[in-house]
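Shown next, in structure tokens, is the structure this report addresses.
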Amino acid sequence: MSTTNAGKQTIVHWFRKGQRIHDNPPLKKACALVNANPEKYVLRPIFILDPGIPRWMTVGANRFRFLQESLVQFNDNLKAINSRLYVVRGTPSDVFPRLFEEWRVKVLTFESDIEPYAKKRDAEVRKLADECDVEVIVENSHTIYDPYKVLMLNSGRPIINYRSFQAVIAKLPAAEPVPTPDPIKCSPPLKDFIEEKNGVCYDVPSLEQIGVDVNSLGPSKFPGGETEALSRMEHHLKNTEWICSFEEPNTFPNSLEPSTTVLSPYLKFGCLSSRLFYK
């Protein structure tokens, strides 16, 4: 076992949505912290695969396949900046206390999420981090405008129609996408106790390992992942005639070829930045 980073502290970036290396402010901050002091820190980007998801969320086989494909492709993209993805199984409240202690975590970064379940989950993780003296850095990057700033400009009241929303965001500048992080300068982290016993324990699981019946799946017409998302976006943006003539709801759900960009799942999982697409 290598001892090149023995005794180093860990910067953890926690992916939930935001499964991309382009326009990812919290990931960029995590990488910058490591690169500013590679003798002190190592980087561990993680995705927590909660086995309880099917119990509280309707997740079909196609959606799981899209997620699994996204994670595989995302792991490849992280390797391009001298890192990798650690897929950790369990609930965040169970996973983080072990990781904070065993990995000697100093800083935790992640993307802001305003959904009810996410707010409760993140509050619990913040409390655990505080108890373990772990600094938490949160950045907004899933939406073009910071939802909390939009709410503040509307006197703290929810916006109930699109016209009001347009009036409020007219007062805000659209956030600019941030560059892809520089490659990580430090050596890969040492294996922890679990990884020493099972060298593939943090690898992206197969669909069978997740529990998906692959026989129920048809062809993968829209593969998940950041690279696929960027490719689809560029393909559609080159077709200026189609863009200028596009109009909702004049689309055709029963056409042989999609009459829309089919970018919504990529935006939902954060494989594609809405801020980049907007620009």
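Cβ coordinates come from backbone N, Cα and C, glycine included.
According to TrEMBL, the FAD binding site annotation covers Thr260, Thr261, Val262, Leu263, Ser264. Marked as domain 'Photolyase/cryptochrome alpha/beta' by TrEMBL: 9-144.
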Fill in the blank from the handout: The answer, for which of the binding-site residues Val262, Leu263 has its Cβ ringed by the most other Cβ atoms inside 10 Å, is Leu263
Completion exercise
Here the mean pLDDT of the domain 'Photolyase/cryptochrome alpha/beta' (9-144) is 93
Exercise for the section: Tell me, if you would, which residue among Thr260, Thr261, Ser264 (binding-site residues) has the fewest other CB atoms within 10 Å in the structure shown? Expected result: Ser264
Fill in the blank from the handout: Using DSSP three-state counts, the residues of the domain 'Photolyase/cryptochrome alpha/beta' (9-144) come to 62 helix, 32 strand, 42 coil
